[in-house]
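What follows is a set of notes on a single structure, which appears directly below.
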Amino acid sequence: MAERLTEETVQKIADAAAIALTDEERQTILKELQEILDFVDVLRAVPVDGVEPTVHPVPLAIFMREDEPERRHDREALLARAPEAEGGFIRVPRVLGD
Amino acid sequence: MAAYGDLLEERIPDLRRRLETGELAPEALLEAALERIAAVEDRIESFIALDPDAARRRAAALSEKRRRGEALGALYGIPAAVKDNIAVAGLPMTAGSRMLEGFLPPDDAVVTERLLAADAVIVGKANLDEFAMGGSTETSAYRTTKNPWHPDRVPGGSSGGSAAAVAAREVWYAIGTDSGGSIRQPASFTGIVGFKPTYGRIPRTGVVAFASSFDTVGVLARTVEEAAIVYDALHGFHPSDTTSLPRDREPVAPTLGRDVRGLKVAVPTFWLVGLHPDVRARTEEALRVLEGLGAIVEPVDMPHLAYAEAAYTILTMGEAASNLARFDGLRYGRRFSDARDLAALYAETRARGFGREVKRRVLLGTYFLSAGRYEDMYVRAQKVRTLIRRDFERVFADYDLVAGPTVPTPAFPLSERLSDPVAMYQSDRLTSPANLAGLPAVSVPAGFSAEGLPIGLQLVGDVAEDALVLQAAYAYQAATEHHRRRPAL
């Protein structure tokens, strides 16, 4: 039996994921998330002791690249893609307090 | 349509020959595609963005290239669609999300560079599920693509626009991405070929990340031969993607036609249960065709396949939660908030920028990665992924290929599964194992349901056995006629 989600847990998850939820959304999403959790609960039936986790599916040769700076983009062209930019910087709300 | 009808049914190799001799001009072939798009697009809605003028300029430049006597690329003058989570400079890239509405990528993706280096003509960006999360293309924020075989059915997803565009003869091939079946499932639903190479064969640079250890770029086309020609133009290592793999030892397309006699094909018993009866019947017929070609087909037990979909769900949601953290309303894309508080700006932007399915996955992914759940759920799913890989390793010690249906059912009705995520995820249960193990896999047309809906046969190979997968699919297609039928549009 999967863990029972509560509205409080859903709100904590939403805070961590930085997604605002309305009260109504919180309730419908709780129900949908619970159904998915019940569905994935089947994994508890699999014995996994001593099994190595897979992080990447295919063996890769890790290689080092030369550490050479390279200019790929025009600064202004990239800043033009930000919702708000000014004087060569991306403009954001105040992060630190007064 | 009459004037262009025959051209639309021609195959890439024949078109390429006629384009090379000058008997056919890139401009004329493009006009055939544009006329077809104008005739059917309002019913199919394959594309999020079309740029006929840019495509015409491109076709004219290619004509000029031929006049100068330059060498012509493998895809010279052949019109294509690119899934809208892949960057094409000069065209907007939305990934099907409001979050990226109006976003113009600063560069081509590596796969786009390679398409253009092969002299392809890109006509537009194909619709998809938002951030490639879905199996019906209905989670797109922009439009609902219809299955060309039946206006009330989904085209599959997430590469549903790419699949519909090829099946509806709007283009000759399309580029898609496949993280759990997103190329093969829509190919199966629309009666075309969908090829997901080995993880890393086609570099991912410039492709919007969904689940990075699953995301694979691949090809949709009408025949195996055409898919192989496109694959040959696109695959191989690129230094900007450290997970990309070297090229195949030799180009694959010239090797098609190799004998499949004596090939050993394993059919997991789990892949034959819980199927729509017509899917079961077509699969059994297809396996008999392979036997008729001299392959040895045997049932095998792969005990962990039953857990693939649950492991896939946990792992891809976790990876998606991490990847989508970049959408913050600050650096690029849209901002949907006037908040003067940073946390509120993030939360409001992401609440309005992401659709329902993306929110579900980011929220649950965040949960699976949280301190209390990480070991118990996320790492457990990674261990199950290892067990699924071992099931394949065991089978590939004795067999060359694993075969079965691509999807348990034919295309389902529009909106049927949109509010039932678990039912939607089930349509990936036969395709996600290849992504969990990073394996090359193809869906090839294997006939139709009683209602006339296409059904696909799936062939899966061992890591780096892309050529073998395509050779076997080619042999099957050469022995069958299913791919010759086309939707009545």
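Every residue, even glycine, has its Cβ placed from backbone N, Cα and C.
Keep in mind the model is a prediction, meaning the values are calculated, not measured.
The following features are taken from TrEMBL:
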DOMAIN    B:29-470  domain 'Amidase'
ACT_SITE  B:Lys83  active site, charge relay system
ACT_SITE  B:Ser158  active site, charge relay system
ACT_SITE  B:Ser182  active site, acyl-ester intermediate
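All chains included, 33 other C-beta atoms sit within 10 angstroms of the C-beta of B:Lys83 (active site, charge relay system). For the residue listed as 'active site, acyl-ester intermediate', the same-chain residues that are 6 or more apart in sequence and have a Cβ closer than 8 Å to its Cβ are B:Leu128, B:Asp129, B:Ala132, B:Gly135, B:Gly157, B:Ser158, B:Ser159, B:Gly176. B:Ser158 (active site, charge relay system) counts 35 other C-beta atoms within 10 Å of its own C-beta, drawing on all protein chains shown. Across all of the domain 'Amidase' (B:29-470), the predicted model scores a mean pLDDT of 97.
DSSP classifies B:Ser182 (active site, acyl-ester intermediate) as coil under the three-state reduction. DSSP assigns B:Lys83 (active site, charge relay system) to a strand.
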